[in-house]
Amino acid sequence: MTPPTHRRSRRHRLGRSAWTTGAWLAAIVFFFPVLWMVLTAFKPESAAYTRTPQLVFSPTLTQFRAVFSSGIGPYLANSALASVISTVLALLLAAPAAYALSVRPVKKWRNALFFFISTKMLPVVAAIIPIYLAVRDLGALDGIGTLIILYAAMNLPIAVWMLRSFFLEVPREVLEAARVDGATTRQELTAVLLPMVLPGIAATSLICLIFSWNEFFLALNLTSFRAATIPVFLVGFITSEGLYWAKLSAAATLACLPVLLAGWTAQRQLVRGLSMGAVK
Amino acid sequence: MAGSATLPVGAVATAPTAPTAWRCRWPLLPALLYMVVVTQAPFVFTVLYSFQSWNLVRPGSEHWVGLANYANVFTDNAFRSALLTEIEMTVLAVAFAMALGVPLAMLLDRRFPGRGVARTLLISPFLIMPTVSGLLWKTTMLDPVYGIVSYVLSWFGVPATDFVSRFPMASVVTVLVWQWTPFMMLIVLAGLQSQSGDVLEAARVDGAGPWTTFRWITLPHLRRYLELGVLLGAIYLVNTFDVIYMMTQGGPGTRTTNLPYYVYQRAFLGFDVGQASALGVVTVAGTIVVAAVALRLLFTVFSGTERSAG
């Protein structure tokens, strides 16, 4: 790779360090608002409001204590419940569908595949009114089940497309070999296919979890107190506690932490999930 | 990544015979049914409601009014303004996010110390809950007195500015761009990394400079990824609601009221079911026109990537 002449290698090295600096600078600029949120969460309220931003301060856990005592717990639980159960539901529905669209494709698999993605293009606002009225008439307003059902529908198309892309990567020979060896369809699924696509399933569930955890529009309109999730808590927190940056940052940090961790873990698969399996 | 052993699309089309057809089809049915019930059925009701005058605050007020709601939508200046805002916001956000995403992807495409960490930091904005992003930027970043942006600009002699109320559109777009640049970057990066090293090496041996290589080899290769990024970014971004809700509530006036926010206002603040439904139907009709074009494009994009992966 490195050119043989001395002068070029020196220029090469200089270029490289400029490259490194540039990349790091960009990374820090983009990450700064997040970093600042976390830092502010550990500040006393007085240190959050200074004309010259304070980078050095004595950290305190006061804000986190205040957030917990203001009752974030049930909201965190609601968010966790809605995300996890809706993800499981989406996967249970998506896995067989993805199978029928890849390994043993049904006749009009193209149409089915595009039906799924076209529902993603339908703006939520177009359906929110009847959904709201139906949920109200069923007495399911402010119920966690409502969010679970809707979040599963929101993530199902992504899960189908993504899982399908993982199924397509399973070498056909392996499945054929299993069939020749006399494996039943069920054995073929559980003993051969499933273990091979397990990493794919993990990645898909992380993507579904991220989207449901961050969802705001449906939660805002369909829940009020009992089933309200974390983003709804944040809105209420501002109205009830006032706009205190440090306390707010502590609440926001707690709200973002699970998804940040999940996203960092799944970053190799993130692009695949977001592009619904089109980009690997 | 996908080896030659990968199953090519549709290669298994050993046309299922009649008795086995249903065995092939049943795994698909639960998911299809679920999507139809949860997403398509409500839309049928939206259409029905759109022909009624119905205000939730006055029970029993509903009656059929024919096309009156639609007439209102098309003569409604607020709707037209929301539509324009929607287009402006989406186009600006997608364009800037892509314009930043490409150079960032190119930076990350080379090895340098700490590349993994830099990449992790760069994707973080996308993982932040959009409600939090709106809140965070409105307060700690863009506040006229204590905000970081004001502080940094004060080095250059820029007086303290209330960005969110003076430049509401620019403020909202800034947050959207901050959120979506990592997305564009990841897609472009995937494109860059799928380039064959041999071709680049050959170009170098043939004496092509970095710019020539980029213009004539990398860029044509990236085209499909750029299209995909723009398309998917637009699909997600037309639904922007959270950031607007947290930062501007659609204001000042109606400056940042896009279609989702407008329908929300009509339905949940005005309780006008009929009018909001008509708005919803018109929005969907518009989306279908755009989506029909997008879907066709998407299909060529998708089959393209799959062909190249096979």
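Glycine too: its Cβ is placed from the backbone N, Cα and C atoms.
Copied over from TrEMBL:
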- B:83-294: domain 'ABC transmembrane type-1' (DOMAIN)
- B:31-51: transmembrane segment (TRANSMEM)
- B:89-108: transmembrane segment (TRANSMEM)
- B:120-137: transmembrane segment (TRANSMEM)
- B:169-192: transmembrane segment (TRANSMEM)
- B:225-247: transmembrane segment (TRANSMEM)
- B:278-299: transmembrane segment (TRANSMEM)
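By the count of Cβ pairs under 8 Å, the stretch nearest in packing to the transmembrane segment (B:89-108) among B:120-137, B:169-192, B:225-247, B:278-299 is B:169-192. For the transmembrane segment (B:169-192), the residues of the chain that approach it from at least six positions outside its boundaries are 85, 88-89, 92-94, 96-98, 100-102, 104-106, 108-109, 122-126, 128, 130, 133-134, 137-138, 142, 163, 218, 221-222, 224-226, 228-229, 232-233, 236-237, 240, 243-244, 247-248, 255-256, judged by C-beta separation under 8 angstroms. Note on the transmembrane segment (B:278-299): residues 43, 46-47, 50, 69-70, 72-73, 79, 83, 227-228, 231, 234-235, 238, 259, 262-263, 266 of its chain, located 6 or more positions outside it, place their CB under 8 angstroms from a CB of the stretch.
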